[in-house]
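Take a look at the structure below.
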Amino acid sequence: MTELDGAKFTKEVTVPSVEIQSKNVGKSMPVFKKYLLKMEKLKPVTEVQGNDERRKLLLDPILFETFDKLREEDQQKLSELDLNKNSFSNTCLHLEYHNFRIDDVFKAVLPEGKEGCTSYSRIGHIIHLNLRDHLLPYKNLIGQVLVDKLIGVKTVVNKSSAIDSTYRNFQMEVLAGEADFVTEVKENLCTFKFDFSQVYWNSRLCTEHERIIKLLPQKSVLFDVFAGVGPFSVPAAKVRKCRVFANDLNPSSYHWLKENVRLNKVENVNTFNLDGRQFIREQMPPFLLTRPTEPIHVTMNLPALAVEFLDAFIGLLSGVELDPLLDITVHVYSFCEESSAFSEMRTKVESALKHSIEDEQIVELVDVRDVSPKKHMLRLSFRIPPDVLTKAAEEETSSEPKRLKLDLETQDR
């Protein structure tokens, strides 16, 4: 079956059942709960027609065999409720498509011996699939089943191309439901609204977003280089009361980033629509030179390319010697091979910075998630070496650096 035919699921089945006094239903649950028949839109405990004082319990024929096969202690408990092997009988049920769970439907129609449709992402009313080739002939059936069975789902899409590294979006095909891509998601006490077809959003990164938010000190400063629609920036401002500089090159992401700032009524968020390298080099220096004592964090969540942008920090404050030193923590993401992920990540970062990172400068190195069996998404959080920031441009001749001393008592806070 490659097109859903609900009539094929109509059938008459016989299941074991037991009648019990209404007042004893709760007392019997320690024994019967694990055996109850679990199907959609079908109550396992029903009224006995013409007798308000009795109830019928429908049992799963796969899990429950006979009274005699129960454990002795369970038989004893049921005996105390005036139940014995003669209390059990069979009940005929009329089942239709709406009674079967998603897994039951897929098991019935998808190829045997191959991986089924075992995972998907939910983004508001949208289900996002990344189907393997052997499931593509069944894609419309899979989409329709998900629309039918999942409450609140109106649209099912399948990824049809790789993620574009520039704007971080991808082509998708609507498998079932409406072609409505504007959705809302709640995460980390914030609401995010966006057009899923035009921006990047991955619900599986919710835990990572939360980890970063918890790492940010109250009222610190966040420079979000690849902000997307704001999963770091908005809760940083709302929950941690940070001052935020949020940037994304994708015009659609920038639009929804501003909308989410407005929607969540957060303050102290400046938004930008710049290339990441340009954002770092143009927006960070003025702030670094005026507010150097606040903890400053930089998030760079563009795993395919983020490490390459680290060179923007080289010589960012060339010719300026800061006193006191700046407290800047960078959180950079990258994809690495499983076998050498941690060493590969550190090597990538040091190569991009053209500078080694001491062990004491590393805050943490986290395996964020498995992208594929041999590919992992990692995050290295580290304090940027001051020498990287103040390194003189190679083409410039060496000269005495200008010393900028900050009066902490008189500077404009």
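Placed from the backbone N, Cα and C atoms, the Cβ positions cover glycine too.
Annotated features, as they stand in TrEMBL:
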BINDING   HIS209, ASP248, LEU249, ASP275, GLY276, ASN301  S-adenosyl-L-methionine binding site
COMPBIAS  399-413  compositional bias 'Basic and acidic residues'
DOMAIN    120-386  domain 'SAM-dependent methyltransferase TRM5/TYW2-type'
REGION    392-413  region 'Disordered'
Using CB atoms and a 10 A radius, I'd like the single residue among the binding-site residues ASP248, ASP275 with the highest neighbour count.
ASP248
Any idea what the model's mean pLDDT is for the domain 'SAM-dependent methyltransferase TRM5/TYW2-type' (120-386)?
92
I'd like the number of other C-beta atoms within 10 A of the C-beta of GLY276 (S-adenosyl-L-methionine binding site), please.
21
